Ligand code: KIV
Ligand code: ZN
């Protein structure tokens, strides 16, 4: 075991005894979350998300699976360069090439981690790996030793741990600890376990494996039976001190345990669960909205913590109680998770300084150019819309960040809609400054707009998702549109907001097209095949 290799100082994440109740939050939105069909994110989006997670004080950011594609490698490499506080982690299978590629990707990280995994259950041993128990033990020793020679912070995961024979799981964990793993993750890969059972698995391993007191144990729960959060919390009660989570609970199949739910459960129920995280919870809503916007996955209205209705009180009895004492029907405040009431912010006479301060309060620190552009957009919006709310600003800035560097931009759009068909769109775009125009008809105005984009920029991408939602209430609300395109297995999402739904649709489609082109040029990732 080496003590001088990069990232070898893990003492600050392995809490001393007095801090035994601190739970490390490991975010896998960009890795397991991105494995949700259709949830792929561009490099720029991953970099922005990494900054949001770091602002939120997430302890570990799993930024990708470097050997899976050049795009994933680049994401882990560039996240490693910009993140200074959180640990940046990459995933690797047990092979040496995987581990080397991962080590290369995290090389520049101030605090890097290699996360290597191997299946341990009989089902995976027999049907995927065709390996005996002894083969598995040998692979664990080799892979973890190799990883530890490259990085001092190594996490080892027993894929499908919850369907593994318990005595064999103990031997696997023992091998990983002996080889130098600093974190041991016992994933419920297929979302099969039950809370009391998961807690027992941790208790048994922690009590019976030599050296268990020197490592951090981690939960990683999938939500196939809707138990991911309950199982993760049970794992913590069983002795785990790291939880692997994803924003909005996105992830393979039914998803991963939701970051916001676990963090708030630990915060609100400290009486039953005397553990805490370092997460600054007022950033939660912003992270949730950003992940929803870049993936195009809507957050259900009644979703715990981050749903639009999570703090809405409709019934008269509840409203009456709330007026008398908020505690009658509210166990946490919307402000705790950054879901303040939608405030009226400013009108068209508001100045640049007030605008910058407002954005700061909403969690955005923009550079001078981005600020100027956002301010101009705000002025344009304030001309069209009487009341500009916090949610409008969030949509506006996210839109500016998403499309700012786009090579193709929508310049003019005119649409003929109504009961007398055919609906028709006249579109002008600029491609690196050069104007191109086209006109098209369609089966409805949106179809006409998208056909006009096709005419001006011929392409083979297939539209996989078209989604519109109103940012605020009222008929002058901005429409926020998400578009997902797929071409040759590559998926790209685009977003835009505008008070004109058709303009927002055109801009979101063009933004998705830009992201697709950028991916093609960089030979960026095809969606990682499932099976992890
Ligand atoms: O669900 C799982 O087992 C995983 C591992 C790769 C950690 O995602
Ligand atoms: Zn997983």
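Positions of Cβ are set from backbone N, Cα and C atoms, glycine also.
In the three-state DSSP scheme, residue 32 (Mn(2+) binding site) falls into the coil class. There are 25 other Cβ atoms within 10 Å of the Cβ belonging to residue 32 (Mn(2+) binding site). The Mn(2+) binding site feature in TrEMBL is assigned to 32, 220, 222, 256.
Confidence annotation: the domain 'Pyruvate carboxyltransferase' (23-285) carries a mean pLDDT of 97 in the model. Residues or ranges marked as domain 'Pyruvate carboxyltransferase' by TrEMBL: 23-285.
Annotation comment: TrEMBL describes 409-532 as region 'Regulatory domain'.
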* **For residue 220 (Mn(2+) binding site): intrachain residues, at least 6 apart, with Cβ closer than 8 Å** => 28, 32, 157, 185, 186, 187, 188, 189, 244, 256, 257
* Enumerate the residues of the same chain, 32, 220, 222, 256 excluded, that satisfy the criterion Cβ within 8 A of the mean position of the Cβ atoms of the recorded Mn(2+) site; list them in sequence order. => 28, 187, 189, 221, 223, 228, 244, 245, 246, 251, 252, 255, 257
* Three-state composition of the region 'Regulatory domain' (409-532), taking helix and strand from DSSP -> 34 helix, 53 strand, 37 coil
* Determine the Cβ neighbour count for residue 222 (Mn(2+) binding site): the number of other Cβ atoms within 10 Å of its Cβ. => 25
